[in-house]
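Here is what TrEMBL records for this protein:
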- His284: active site, proton acceptor (ACT_SITE)
- His317, Glu323, Tyr331, His351: Fe cation binding site (BINDING)
- His351: homogentisate binding site (BINDING)
- 283-407: domain 'Homogentisate 1,2-dioxygenase C-terminal' (DOMAIN)
Amino acid sequence: MAENVPKMVNLTRTERRVRSDYQTALTDWHSTGRPPRGLSSYKLEFGTELLMEHPPTAIVESATIPADHPLFKAHVERPIGESRPLQRQAFHVAEMATSGSFVPILSSNDVTIWVCNGDFGEAGKWQPPSRHADCDELYFVHRAHHPLSLITDFGLLKEVREGDFVFLPRGTTYSFLFTGRVSILLYEIPKRLFRPYDYWMGDQQPWPFSPAAPIPPEPKPLAGLHPPLSGDEATQVVVKRRLGGFTLLKYAASVFDVVAWEGEVWPFILRLNDIVALSSPHVHLDPKKLTVFVSEDEGMALQVFLPRWIHSLPYHHLNWVDEVLFNHKGYSARPEITDGFMTLHPVGLAHGPDLKLLANIARKEIPSPKDLHFLEEIAVMVESRSPFVVLKDAENVELKGYDQSWYQQSLESNYSGV
């Protein structure tokens, strides 16, 4: 019986990083819970240990953020589930006016999706330092005219580019440096995030990405940051809870003065070209084969569609889970869905490709392996076992008539045979 139990796979390898100006002093240091003289040890729930220049417990003041605060007003408006008809919906989330802050758009018990769009100027702007108390966070960068940087209490993650994922385990304190025009998604996951079970591909396969692919943060002196991060930017932290609102903490010293860290769970960058793109010359692959991240209870799974050889388009199908797909680049299964659109296909309703595309394919012979079509598509899909609630701000960018678009196509004679 025990042999059939699937094996959980950590996202990252065991890693150790030491700030350059402490390399000599910490030559023999390893995670023991006893910090070297003059430093503070900071051990996170998942076992990773950080060495800090100042104790992370020195909180000077704690205050609730007012509900009418302009930066967080949209965040706290979470509607109780309303009675709505079951329907397929599409939203142009990359065009949402979020005023440079993160706004929640879809929420379930397994994952909440946020979006931030804004122009932060050529000089760049550090975002208010924040920490999620009880959720893992996964960012996906849809548009970034300049590389982004991210300071964490593990160190600096730099050169975050379009198409990158950024993973932040719960309890991580961090601040983004946004420069120029930015469009970025955030997936907030209450359960711990893992790689898919490795028995799907065998123990020896580096799937869906190599253990060497995640890029870890490097401890850096704050004095080297440009633009500088100082004063309230380094000592005030917004702590959020999934259902408990926001708290502003003021520390006696910078929360980013990390000297070294060691552990097997840490923030990282994962680039799209480091994810293995699966394809088949014989069948249309079920999207679950493209899973990159999964929550520990399997309530949430995230798949990535990458440029690949395809045997055929997806068939019309009816889900057992709610499905949210974000088109990053080149998605072509539906004519009205372009880059920056997000679709919600709930359980109980069939959906699938554009009927015109299916009609064209039906007239062609099944391709041989050497004649397969190469699809230049990048999309991110999230499946949730619990139903999604559409939040208020998403309704402002909803594509009206999307639910009836298949019916409208079927009325046209050219598609009647499909």
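Each residue, glycine too, has its Cβ placed from N, Cα and C.
In TrEMBL, annotation is done automatically, which means it is predicted and not curated.
Quick caveat, the model's predicted, so the values are computed rather than measured.
Sequence-distant neighbours of Tyr331 (Fe cation binding site) (same chain, 6+ apart, CB under 8 A from its CB) are Phe305, Leu325, Ile337, Thr338, Asp339, Phe341, Glu377, Ile378, Ala379. Counting other CB atoms no more than 10 Å from each candidate's CB, the binding-site residues His317, His351 peak at His351. For the domain 'Homogentisate 1,2-dioxygenase C-terminal' (283-407), the DSSP counts in helix, strand and coil order read 25 helix, 43 strand, 57 coil. A sphere of 10 angstroms centred on the C-beta of Glu323 (Fe cation binding site) encloses 22 other C-beta atoms.
In this model, the domain 'Homogentisate 1,2-dioxygenase C-terminal' (283-407) carries an average pLDDT of 84.
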